Amino acid sequence: MTDRVEINGLKIARELHDFAMNEVLPGTGVDAETFWHSLSQIVHTLSPRNRALLSKRDDLQAKIDAWHRANRAPSDLQAYEAFLREIGYLLPEGPDFKVTTSDVDPEISQIAGPQLVVPVMNARYALNAANARWGSLYDALYGTDAIPETAGAERGKGFNPQRGEKVIAWARKFLDESIPLRNASWADAARLSVKDGKLAVDFDGAAADLADPAQFTGYSGEADSPREVVLARNGLHVRIIIDRNHPIGSTDRAGIADVVMEAALTTIMDCEDSVAAVDAEDKVLAYRNWLGLMKGDLEETFQKGGTTVTRKLNQDIRLTAPDGSPIKLPGRSLMLVRNVGHLMTNPAILDRDGKEVPEGIMDAMFTALIALHDIGPNGRRMNSRAGSMYVVKPKMHGPEEVAFAVELFGSVEDALGMRPNTIKMGIMDEERRTTVNLKECIRAASERVVFINTGFLDRTGDEIHTSMEAGPMIRKGDMKQSTWIAAYENWNVDIGLLCGLSGRAQIGKGMWAMPDLMAAMLDQKIAHPKAGANTAWVPSPTAATLHATHYHQVDVKAVQEGLKSRTRAKLGDILSIPVAVRPNWSPEDIRQELDNNAQGILGYVVRWIDQGVGCSKVPDINNVGLMEDRATLRISSQHIANWLHHGVVTPEQVMETMKRMAEVVDSQNAGDPDYEPIAPNFEDSIAFQAACDLVFKGREQPNGYTEPVLHARRLQKKAQDRKGAAADSSRG
């Protein structure tokens, strides 16, 4: 039984209450009585409306299901569009407008660059991400497949000089392209110095300067013998580290020991899809790490290579400007926080009727209270120098739900004494009803919006669930080539530019999900800035370092200017449904699809349920590591549910596949000492039961979301573990 403290009609888990009282409130300028009174008022005012919005989702889905049962996949798109307008799914588009968001940090409003998303419950990951503002290009190239392991350039255990030479050559070529010298190459540089406020590069007696002297930002150390020189292109900095005593610098003609990229400009500290937070214990862990990030004192100590390492937040970088004045560059990524959406409740707080409080309301109040340690009256201003708090709000369906979030944020600001519109909003364009009404969604948050982002993973899950009754969907791997997805990606950019986001907000693109395949990422992910996105998601600090090179190659502001005049993507294309009109899959095709989906589901769910790990690199059926979170789970589970519903596969076939793939997942996790095998005790495995629920009850899940099943089963597993621990203790 959870120990609770009752205040103003709220029954708060003692763990959360004590955390707020002892750790969060001191230093914010907000007194405890005001905080709890305001939280109660917000909960009891807004919770009924939150529930009404969820009921509207269900009502619209029921009408769409009935329409598809009568019509199947629409051959008459005009009739389908008219139906969606009639039921209020597709809303009238209002006149053109421009967003008016103000007090936005340049990392969001002005500079294009990579964005990390990291589970805030993992302090080490969170610190690594925050510190990924800067990343070693040498390390990123040497340690990944970005440099081929051919012609003697294998990674191996020790340092390979041949591989090192290829890394240095790659980096010098990058410098030649990004920050060119006048009539010279960085490959031939012998010495760097600063003379008369300009960078001078010597070449054994000859000298060259930058083709564009304005690219020189500053240096540290002595002008005649700097420790580093800092250059810039498209607003992104590059630090050339000079150290002739360093193992690399000592062998380099110019003494260059490293090239350090400005990499993850922004990081989303995630309380949502990449975490498993089901109760007060979990929420306190998430909030405590967010608190440490906002106060600047988060630390994590761990063992690495037999030594104890303590990780903390990096300090700002102090430099001398070309004119001799002191300047600072931020040492950390600008942090946003992703709250949960409108769907879930959490037992951490109960309302006066004993109902669990909507988790999105709880997140808004607690993450904002914590942010006061950065932007409040006594705040450090070490995250947002502009004095704003950035909240990414996921999984909203249409402008009415965005307006509800805007009202929630306003209520939180009033409660905490924040100026109006201090809390900025990132809108995830990952639900179909938001996509088709995107302009009106942005209008609803026009004073707060700092971010729109296509999340094609969740968006595909919603696509499948919305049109579940239309027919069997095409194979999952074919989705990226479907008509709707290309239109969706372009539509997001088109609408964002139309609404004036350029120069004020981010227009983002989705995740590169293969953290080990960096050569492929370097080749392909440049498509995101070329498409007009001024940020895109990457799975690791290393990936951020490499993806940053794309923003040197592409001037996103110029791309956006060019795109403003193109013809807008077509609504009809977005509304086209990816059903297989005449499926002709062979039994082998079906088996492969089923195996792939089932293995992905089990590989992710078993860690979520048994270990509380919400985001991890899960080997796929071909043992390629993929970053999995609830979005990928939503697609896979909905896809099997769809094929089951339309008779492409049978329940027996699916169950046989799930059991067979459980053995594959067990073998893939054989090296994990904390792993609990699924097979052969399928009935006893809560994780296996959760995976089966997601598939066999997939049509019943609200909008195809996985959270209700995952939360219920994780709570069951935690209770089982506590019971087992108590039994062990009594025996001991």
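Any Cβ shown, glycine's included, is placed from N, Cα and C.
As written in Swiss-Prot, here are the features:
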type	residues	note
ACT_SITE	R338	active site, proton acceptor
ACT_SITE	D629	active site, proton donor
BINDING	V117, R124, Y125, S274, R311, P539	acetyl-CoA binding site
BINDING	R338, E430, G455, F456, L457, D458	glyoxylate binding site
BINDING	E430, D458	Mg(2+) binding site
COMPBIAS	718-732	compositional bias 'Basic and acidic residues'
MOD_RES	C615	cysteine sulfenic acid (-SOH)
REGION	702-732	region 'Disordered'
Pairwise Cα distance for R311 (acetyl-CoA binding site)/the residue listed as 'active site, proton donor' [Å, integer]: 25
Rounded to the nearest Å - Cα separation of L457 (glyoxylate binding site) and the residue listed as 'active site, proton donor': 10
Cα proximity to C615 (cysteine sulfenic acid (-SOH)), best match among binding-site residues R124, S274, E430: S274
Distance in Å spanning the most remote Cα pair of V117, R124, Y125, S274, R311, P539, given for acetyl-CoA: 21
Separation of alpha carbons, the residue listed as 'active site, proton donor' and Y125 (acetyl-CoA binding site) (Å): 15
D629 (active site, proton donor) and S274 (acetyl-CoA binding site), Cα-Cα, nearest whole angstrom: 5
Cα separation, V117 (acetyl-CoA binding site) to F456 (glyoxylate binding site) (Å, whole number): 15
Nearest-integer angstrom distance between the alpha carbons (Cα) of E430 (glyoxylate binding site) and P539 (acetyl-CoA binding site): 18
The region 'Disordered' (702-732) - residue tally per DSSP class, helix then strand then coil: 28 helix, 0 strand, 3 coil
In the chain carrying D629 (active site, proton donor), residues 6 or more apart in sequence that have Cβ under 8 angstroms from it: D273, S274, Y604, G614, C615
Cβ atoms near F456 (glyoxylate binding site) (within 10 Å, other residues, all chains): 20
Euclidean distance between Cα atoms of V117 (acetyl-CoA binding site) and D458 (glyoxylate binding site), Å: 15
Between G455 (glyoxylate binding site) and P539 (acetyl-CoA binding site): CA-CA distance (Å): 14
Assigned conformation of G455 (glyoxylate binding site) - DSSP reduced to three states: coil
Distant-in-sequence Cβ neighbours of G455 (glyoxylate binding site), under 8 Å, six or more positions away: P394, M428, D429, E430, G510, A631
Cα distance (Å, whole number) from R338 (active site, proton acceptor) to R124 (acetyl-CoA binding site): 18
Residue pair the residue listed as 'active site, proton acceptor', V117 (acetyl-CoA binding site) - Cα distance, angstrom, rounded: 9
